[in-house]
Amino acid sequence: MKLIEQHQIFGGSQQVWAHNAQTLQCEMKFAVYLPNNPENRPLGVIYWLSGLTCTEQNFITKSGFQRYAAEHQVIVVAPDTSPRGEQVPNDAAYDLGQGAGFYLNATEQPWATNYQMYDYILNELPDLIEANFPTNGKRSIMGHSMGGHGALVLALRNRERYQSVSAFSPILSPSLVPWGEKAFSAYLGEDREKWQQYDASSLIQQGYKVQGMRIDQGLEDEFLPTQLRTEDFIETCRVANQPVDVRFHKGYDHSYYFIASFIGEHIAYHAEFLK
């Protein structure tokens, strides 16, 4: 691991590290916020998964989460959204390739060699965090848009690994919307059965459950009618008896202005599960 950046903020330390990711076969960066913790007590960890086009930088520079992580004494980890590097396959479009890993394990070439983000987020990154920082072994996960999709899928499929899950403006039925259909076709092939393991709505229909989930969605979000399918997800959860707290917010869009407005409530929500 190599320290790339370090900034003091709200009494704690916002850091960016680089490491050679075996799962992805490339160098990866991740951000970690360490609240002021002079006694080096073990703390819970919240993983944040960002959306399309993002790196590890967007969340740490735009959301203002550090104030709340410091207050609630939680470590927050924000990885990049895909493998990176000149040797890593890419696409000219914003919604495929680098910056658009979709938090899955690709099976199709040329993507399969590097695009194993599901395994990276589930196993390699937490192992690295827990070996190098003062953690208590408890994890929660949250994300935005493509990252909200990733957070929900990881939590549903690995209930024992995450204490809680939340999302901002998540892609809830990627198998049925343009973003997901494009990415899944490329990464997983044309067999739609293979897509279902990375579709939160489908997982709930299959019987996967979590203790509860929290979702915030802006009503001025330009992607709400075509890409997110929030109302359908609420109905899927109702039929499956899966508790979900979805809050719609008048006037808010898909941007980090929306995330910054409510990130404090999400940090507080997860902190209760991480004690």
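Each residue, glycine too, has its Cβ placed from N, Cα and C.
Worth saying up front: this structure is predicted, and the values here are computed from it rather than measured.
Listed features, source Swiss-Prot:
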ACT_SITE  Ser145  active site, charge relay system
ACT_SITE  Asp221  active site, charge relay system
ACT_SITE  His254  active site, charge relay system
Between the C-alpha atoms of Ser145 (active site, charge relay system) and His254 (active site, charge relay system), the distance in angstrom, to the nearest integer, is 8
Compute the C-alpha separation of Asp221 (active site, charge relay system) from His254 (active site, charge relay system), stating it in Å without decimals. 5
On the three-state reduction of DSSP, what should I expect for Ser145 (active site, charge relay system)? coil
Counting every protein chain present, what is the number of Cβ atoms, excluding its own, within 10 Å of the Cβ of Asp221 (active site, charge relay system)? 21
